[in-house]
Amino acid sequence: MSEHERTFVMVKPDGVQRGLIGDIVSRFEDRGLKMVGGKFMQIDQELAEEHYGEHEDKPFFDGLVDFITSGPVFAMVWEGQDATRQVRTMMGETDPAESAPGTIRGDYGLDLGRNVIHGSDHEDEGANEREIELFFDEAELVDWDQIDSSWLYE
């Protein structure tokens, strides 16, 4: 059996402005993932710089910070078997032009800078915990029993 885990996902300002929150949430629910936290918010400069800190020395850092602070986002925590890998697969490639149809970025992404969604990197050990703690207090995460989980997981 695969690992049951939590993962961080964020609908970026372009996805919020285009009214895509509901569709994105539905896709993850349809996949059998369970939302345990959700927050509609405006990211400030300090949080943006901390969130993208790994890219601080890169030429695109200022653009990332400017974009993610340009409008509201919808931050979420999803739970399920291999949740991070499932979410990353459903999101598609970072560049929408390289994303398959049927993925979130393949269907809705416009370009590399406007790719609708962010998800924790499954190859970065600790990325989930770091991002979840950055955006959510423990009290904002809800442990609940999904009634159909016995149908989803062995």
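Each residue, glycine too, has its Cβ placed from N, Cα and C.
Listed in Swiss-Prot for this protein:
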BINDING   Lys12, Phe60, Arg88, Thr94, Arg105, Asn115  ATP binding site
ACT_SITE  His118  active site, pros-phosphohistidine intermediate
Cβ neighbours of Arg88 (ATP binding site) where a neighbour is any other Cβ within 10 Å: 19
Distance [Cα-Cα, Å, rounded] between Thr94 (ATP binding site) and His118 (active site, pros-phosphohistidine intermediate): 9
Among the ATP-binding set Lys12, Phe60, Arg88, Thr94, Arg105, Asn115, as the record gives it, the longest Cα-Cα distance in Å: 22
Rounded distance in angstrom between the Cα atoms of Phe60 (ATP binding site) and the residue listed as 'active site, pros-phosphohistidine intermediate': 16
Residue among binding-site residues Thr94, Asn115 with least C-beta crowding, 10 angstrom cut-off: Thr94
Cβ neighbours within the same chain of Lys12 (ATP binding site) - under 8 Å, at least six residues apart: Phe67, Ile68, Val73, Arg114, Asn115, Val116, Ile117, His118
Site of maximum Cβ density within 10 Å, from recorded positions Arg105, His118: Arg105
Cβ neighbour count within 10 Å of Phe60 (ATP binding site): 12
